[in-house]
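What TrEMBL annotates here:
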DOMAIN    A:97-307  domain 'ABC transmembrane type-1'
TRANSMEM  A:99-121  transmembrane segment
TRANSMEM  A:133-157  transmembrane segment
TRANSMEM  A:177-198  transmembrane segment
TRANSMEM  A:238-264  transmembrane segment
TRANSMEM  A:284-310  transmembrane segment
Amino acid sequence: MRLLHWLPGRLLSAIVVLLGASILIFAAVRSLPGDFAQIVLGPLSNEEQREQLRQSFGFDRSLPEQYLLWLGNAARGDFGLSLASQQPVLDELASRLPVTALLAGMAMLVTIAIGIPLGVYAGTHASTGRGSAAARIVSTIGISFPEFVLGCLVVFLFSRFDLGLSVGAFTSPTTDFGRGVVSLLLPALVLSVFCVAATARTTRDAVIGVLVEPHIAASVARGEPKGFIIRHHVLRNALIPVLTLTATITAYLLGGAVIVERVFNVPGIGSYLVLALDRRDYTVIQAGVLLATAVFVIASLLIDVLTGLVDPRVSVAKKGRGA
Amino acid sequence: MSAILDIQDVTVEYSTGGTIVRALDGASLAVRAGETVGLVGESGSGKSTLGSLVGRLLPGNASYPEGRVLVDGHDVLQLGVKELRTLRREQLGFIPQDPISALDPTMRIGRQLELALRGLPNDRAALVGHLERVRMREPERVLRLFPHEISGGMAQRIVIAMTMARSPRILIADEPTAALDSNVRSEVTKLVFGLARDAGTTVLWLSHDLRSVGRWCERVAVMYAGRVVEDGPAEQVLGSPTHPYTVALAAADPAGVQPGERIETSSVDVATLAESFRDDERAAKRRAKTRKTDAESADDPEPAPEEEVVAR
């Protein structure tokens, strides 16, 4: 119920962020060096042909005019045609979205399934030393290894030696979900290494922080067993900083997907955007980056709501500000 | 009838960054079942350490080189993890100073109470019953609230309900009213002693507040520099104290002076009269130092008995 007090304001600010992002994206794309007409028609075209092409796509109008036109259409769900393929941008992105969504989803799943238990273990065994030191070393390595290095290493190892999984042979999850998952296993693992390490580290620190709180001492004094205290009182309290990190991880997965898809040759949105950049396919770049921004904004919003549910004090603070 | 709580000549040391601080220095206290004992003394005298020691609840940097703590015949310092847990759960009850931070901030009161009462009937009606026992108004509504939505007095009532639900044999209350408004202090104090009397619980009441100790406790034990220096019936200890420190403490009780009158803390007196004490203290330090590698801190300033007792 508290949600209703601050959600409208939060939604409004999300829309403002998206609008601001759309302006930035539009300006950035148009200031890229290289002329679309030149790239499409080649060096042998004459100025008249190029002018005609620009006119047919509306590039002869002023930039603000172009922006408003694009925004108006985008608001109605029409992102125009891809300049390169002449197909609707929305269809092109929609056909690739399941691949990237599955990749990011798998990476997120691995992150939660490994990162959080690892962090809880390290946090609850911090005083014993050995487990904690191991966790710290592993997480430091994981955080500092760039995914393109790791990705190339994995691609090399799995294509040079027969290790059970093949790289490069891709099956779309829409045709065969099971094989799709298998073919995305390696990219997802590479993508999740950083996230697992960061999550484990954050969870560990959060757990250590919660363990020294007086209400934990009170549970100990009541004679509660360690496992019981961790399950009921530590996890929920330690979850708050981990949830905040999840927003950052979402952003990372979006960016990391571009690199990992490229390295593993996965036909998702990331690799499609890189291709569109090469081809100066303005409409595709605009729509793709706006999509990524929207995903991030929505994820942040969801995480805010979740944080409010886990920690009642958070939503009260927001309510106070709004009211 | 033997003592339900028998603390025998206990020494407790905290090691912090290479130095060893001795918090208890041969403290002894025997309490019979059903007694109400007020434990008084200035900050740093070892009251809280002694209280926590009863449940072996001291932080990880504490060690117990000497002495025994017997709760109903069990040596608390030697118990295994499981037995210790059972002892805490079934025989002991603790009420902390700051009740709000003693509650899980992310959990509704009802759910916390339900968890704390595991093994006992903990349905809605039972929870309401427990809150009514501590004279909580609107218990149904309170069960749905979070800790940040209630007052300190309410939180302390909830903690008391949690603690007294199992009818502990010994209740250790560490300045349970110090964080509360003065108008709810006496109510909470009355509540705790009432519930303890009904359950036949032995009370160890740690406090600065001599007046409430004199009013509610049959017996008073005075702590100074890690020992129990005086112990006896309340009216005798507070009325005609014998140990110099207790004399100063009783004289500094703000309840006994007229408004505007200057409170005599006679700290100088205490310092000189407690000289014999300090000699013992030095001897103890030297003993402790034999375990340390660096004898560098030989000139450690002695914990000077300052005028901690201030009128509030």
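Glycine too: its Cβ is placed from the backbone N, Cα and C atoms.
Just so you know, TrEMBL annotations never went through curation; they're auto-generated.
Using a Cβ-Cβ cut-off under 8 Å and counting only residues 6 or more beyond its ends in the same chain, the transmembrane segment (A:177-198) has close neighbours at 99, 102-104, 106-108, 110-111, 114-115, 118, 138-143, 145, 147, 150-151, 154, 158, 165-167, 169-171, 245, 248-249, 252-253, 256-257, 260-261, 263-264, 266. Comparing A:99-121, A:238-264, A:284-310 for CB pairs under 8 angstroms to the transmembrane segment (A:133-157), the maximum falls on A:238-264. Within its own chain, the transmembrane segment (A:284-310) has Cβ neighbours under 8 Å at 2-3, 7, 10-11, 14, 17-18, 21-22, 25-26, 29, 70, 74, 79-80, 82-84, 89-90, 92-93, 236, 239-240, 243-244, 246-247, 250-251, 254, 269, 272-273, 276-277, 318, counting only residues six or more beyond its boundaries.
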